[in-house]
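Participant: Got a structure for you, written out below as structure tokens; questions coming shortly.
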Amino acid sequence: MAEIILSINAGSSSVKISVYRAPDGSNANTDPIQLAEASVEGLTAPPAKLKYSRGDYSIKGQELDNISSQEDAFRTILTHLTQDSGLPELTNLSDIHYTCHRVVHGGDYPSSQVIDAATYHHIEELSDLAPLHNAPALSIVRASSDLLPNATNIAYFDSAFHTSMPAHIRTYPIDPTIARKNKLRKYGFHGLSYSFITQAVASHLGKPPSELNVIALHLGSGASACCIKRGKSLDTSMGLTPLAGLPGATRSGSIDPSLMFHFTHDAGKPSRAATAHMHITQAEEILNKKSGWKSLTGTTDFGAISKGEREVDELAFDMFVDRVLNYVAPYFVKLGGEVDALVFAGGIGERGARLRGAVVEGVKCLGFELDKGKNERPGDDVVTDISAEGAKFKALIVKTDEQLQMARSVLLDRDRLEKK
Ligand SMILES: Nc1ncnc2c1ncn2[C@@H]1O[C@H](COP(=O)(O)OP(=O)(O)O)[C@@H](O)[C@H]1O
Ligand SMILES: CC(=O)OP(=O)(O)O
Ligand SMILES: [Mg+2]
């Protein structure tokens, strides 16, 4: 019987799940075969909407009632998958062999982990450092353990890609004793996406990843930049938590840390959103959920903001370009100017032609330039070269796929996993 892999990506406002079949034979270089893809988006802006695609069949955005958490979304998608008569490989929940869980904060874990009681507990302890991501992911892990009798649950950590960052980059200039005790350092996130990007660009350029230098931008609801040197993370914009660095849909990104004490006197008190599984202060709630594009413009849709119809949209757009450039230029310097590509990925990076245009214009003096036609109409390939002919450096769009990256790892890890 075909081995079914469920790849689950619990984001801050959405759950995306892809279903794969392991390819026949034991060639680890063959990709898993995608059977279907489902997502529930808009968990923070109800009604949530279901999107589904299987081959040529698709549901574009069916409104859902009473779905407000990542766990609700997971259960809804499972029901949808098992009831789809066009997906005979997954009729019973017992058909699922592996569930891959994207876990944003993995602390010091350098690689994936089978989730047993001890790893579950360890991830739970880390949840305070990424309360908006780890807690929902763990709610899905608990539901998977309850519902899927034959599945091995595996955690894939967004932070793992960045364990290569050297000490002088990952260390904060604070009291080292407290930093060590409380594990306060730069971790970095979006690592599944950066692994996918590294692999995709290396294969596009016909270079081994170990020779690849890339400035990668993952720009979605949460946005980050990564300086990839010889295929490994040298630096990234997110920090101890996913709040640092670039602004996002509802996140402030980096601000003066003193700001919060002037914003509210209740900064350190528990937020009303806190639960037994999610410890979150008012400061964290405000900076993670009540800031960013939503607070400035009233919408989280960067596509709408990019139209620049109102003054606030132009302010937000210019601000994002400015903050992104604050990473691209220093990363160019960190790579000594030896840059194989500037990469745009994530919902905004892949779909935001105007943003790409403005960012590349901002680094024109370094030797980047876009082909306007290709930038406006990039097509459907995994990697699209949008640079102008004769540009000194390449600019690429990569359709990143965190679910596929996890499913690929399952195939590579299968032997190790079986032995557990
Ligand atoms: N045409 C567009 N232009 C610019 N941004 C867009 C466009 N369409 C969607 N987006 C942005 O993409 C974001 C979603 O990106 P995605 O990477 O899927 O986010 P998530 O962090 O939830 O995984 C949305 O918040 C939206 O702002
Ligand atoms: C790490 C992170 O911010 O993830 P997302 O963009 O999916 O919210
Ligand atoms: Mg995402």
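Each residue, glycine too, has its Cβ placed from N, Cα and C.
Annotation source TrEMBL lists Mg(2+) binding site at Asn9, Glu402. What TrEMBL lists as ATP binding site is Lys16, His218, Leu219, Gly220, Ser221, Gly222. Among the features that TrEMBL reports, substrate binding site is placed at Arg102. The active site, proton donor/acceptor feature in TrEMBL is assigned to Asp158. Residues or ranges marked as site 'Transition state stabilizer' in TrEMBL: His190, Arg251.
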Participant: Max Cα-Cα distance in Å among Lys16, His218, Leu219, Gly220, Ser221, Gly222, the residues listed as binding ATP?
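Facilitator: Comparing all Cα pairs, the maximum is 17 Å.
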Participant: I'd like to verify something. Among the recorded positions Arg102, Asp158, His218, Glu402, which ones have a C-beta closer than 6 angstroms to some atom of ligand 1?
Facilitator: none
Participant: Could you check what DSSP calls Glu402 (Mg(2+) binding site) once collapsed to helix, strand or coil?
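Facilitator: SS state of Glu402 (Mg(2+) binding site) = helix.
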Participant: List the recorded positions Arg102, Leu219, Gly220, Arg251 whose Cβ sits under 6 Å from any atom of ligand 3, in sequence order.
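Facilitator: Cβ under 6 Å from ligand 3: Gly220.
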Participant: Could you find out if DSSP has Ser221 (ATP binding site) as helix, strand or coil?
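Facilitator: Its secondary structure by DSSP: coil.
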Participant: For each of Gly220, Gly222, count the other CB atoms within 10 A of its CB; which of these binding-site residues has the top count?
Facilitator: Gly222
Participant: How many whole Å apart are the CA atoms of Ser221 (ATP binding site) and Asn9 (Mg(2+) binding site)?
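Facilitator: Counting only the Cα atoms, the answer is 13 Å.
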Participant: Sequence order is fine: just name those recorded positions in Lys16, His190, Leu219, Gly222 with a Cα within 10 angstroms of the residue listed as 'active site, proton donor/acceptor'.
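Facilitator: Of everything listed, what lies within 10 Å of the residue listed as 'active site, proton donor/acceptor' (Cα to Cα) is His190.
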Participant: Give me the CA-CA distance between Gly220 (ATP binding site) and Asn9 (Mg(2+) binding site), in Å, as a whole number.
Facilitator: 14
Participant: Taking every protein chain shown into account, which of the recorded positions Asp158, Glu402 has the largest tally of Cβ atoms within 10 Å of its Cβ?
Facilitator: Asp158
Participant: Count the Cβ atoms, other than its own, that fall within 10 Å of the Cβ of His218 (ATP binding site), considering every protein chain shown.
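Facilitator: Looking across every protein chain shown, the total is 32.
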Participant: Using a 10 Å cut-off between Cα atoms, which of these recorded positions sit near Gly222 (ATP binding site): Asn9, Arg102, His190, Arg251, Glu402?
Facilitator: His190, Arg251
Participant: What is the one among the recorded positions Lys16, Arg251 whose Cβ has the most other Cβ atoms less than or equal to 10 Å away?
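Facilitator: Buried the deepest by this measure is Arg251.
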